[in-house]
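Before any comments, here is the structure.
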There are 2 protein chains.
Amino acid sequence: MITINIIGSGNVAQHLISVFQQTENIMLQQVFSRKRESINHLISDDKIVTHYSDLKTADITIISVTDDAIAEVSNQLPFENQLVVHTSGSVGLEAINAKNRKGVFYPLQTFSKSKAIDFKAVPICLETENESDYAVLESVAKTISDKVFKISSNQRQSLHVAAVFSCNFVNHLYHLGKEICDENNVPFEILMPLIQETADKIKTLSPLEAQTGPAKRNDQKTIEKHMSFLDDEHKKTIYRLLTQSIQKYNG
Amino acid sequence: MITINIIGSGNVAQHLISVFQQTENIMLQQVFSRKRESINHLISDDKIVTHYSDLKTADITIISVTDDAIAEVSNQLPFENQLVVHTSGSVGLEAINAKNRKGVFYPLQTFSKSKAIDFKAVPICLETENESDYAVLESVAKTISDKVFKISSNQRQSLHVAAVFSCNFVNHLYHLGKEICDENNVPFEILMPLIQETADKIKTLSPLEAQTGPAKRNDQKTIEKHMSFLDDEHKKTIYRLLTQSIQKYNG
């Protein structure tokens, strides 16, 4: 039986509380939350702690708070030389106070409170300061997910940057596409099957192989038509840069 | 019974040949292909025509060839005053020779020869020169798809531009994300659930509502970390421009 403490009551913390309570061989020992109300629908009252001084040691203490609060929370822990991990994609190992043994337990998925998550499909990226701590963290991760990866702080940073390109920026391009549709009274839903297909395709092809469109074909006539169709300088600039970029990589 | 001719033997033509042969109340009368071999696995030999002069009139003649060939093919048709439509997203109505009545039958999806398509979910965009021709074209479209839209040439052009943003450019951002992963020996598959979730989310939220990430939060610290992580000037330029763009629209 592995014992776990969770510090925090946000989206990730709540999903972890739920999944650990349903998992054999894991004992969710204590959850720290400043406000009892934010988690007492998830866990019995006697496990909720509102003062750091009431926290007991556990095999793993998971700090699942906002990035900026990780260091301060780790300072407040009333014990030493325990395995303490955070759940952030963009914060290094070093944010955790050196009085404990540091690690990272980073589930890479968008969590929203209202939507249940199938944790088995959520990639979990692990890192520990000491090799000896890795085994216990890995055993916990593997009980809840089929996709567990050993990822260094630098690699995690690269993942975070890659996710900005492949998710945040992608979503923004959906928005620009929708705006072009809206301006021309065309339902954006017409594009939806193509958008879904674009995301599906890269499950079996590399994005480089999957690339299509006028830039890839070097179809200058269509590119010029599109550029003159766009009346907005901002969209023109994006169109030009990403067209050049496709030609740079796919040329 | 509506009679249809198809001119062409490419991806779209082949999918249309298959679906029309399975559709009640539609009679696929003739298919023109320069090479008999490219379609004789799909349709009986007596329906294949290799000379334009052998084409008979039909209720609808569908020209499904490359954009540049549409005008020339329409010149070759041996009849006049018939409904003739093309299947291109980026070519205007006017490409079709004026001796016939012009229209467009544009199925908006990525077609690959090897993959079966559920046509019911494929949006089909229709346009006709004469209002009276619209009804017959619509009735055919509705027998094969649940998503039929009346779309003018200008609207179709806007859709094509929007698809470049929301599909071609999106796929390229998948590639840039993958490259960042590759450079850091991180498996790109770790990002896959997040990429799928990003595409799924906009089925229920507008892309503007669905936007997340450092640019949206105006998290300058993370943006600067990412900028200094990227060592490649090209990726920095894209990161900067799309970050500004998110802030412009979501600010």
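In case you wondered, yes, glycine gets a Cβ from its N, Cα and C as well.
Features reported for this protein in TrEMBL:
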type	residues	note
DOMAIN	B:3-86	domain 'Pyrroline-5-carboxylate reductase catalytic N-terminal'
DOMAIN	B:122-246	domain 'DUF2520'
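Here the domain 'DUF2520' (B:122-246) is broken down by DSSP into helix, strand and coil counts: 91 helix, 8 strand, 26 coil.
As a summary of secondary structure, the domain 'Pyrroline-5-carboxylate reductase catalytic N-terminal' (B:3-86) carries 30 helix, 22 strand, 32 coil according to DSSP. Across the domain 'DUF2520' (B:122-246), the prediction's mean pLDDT works out to 96.
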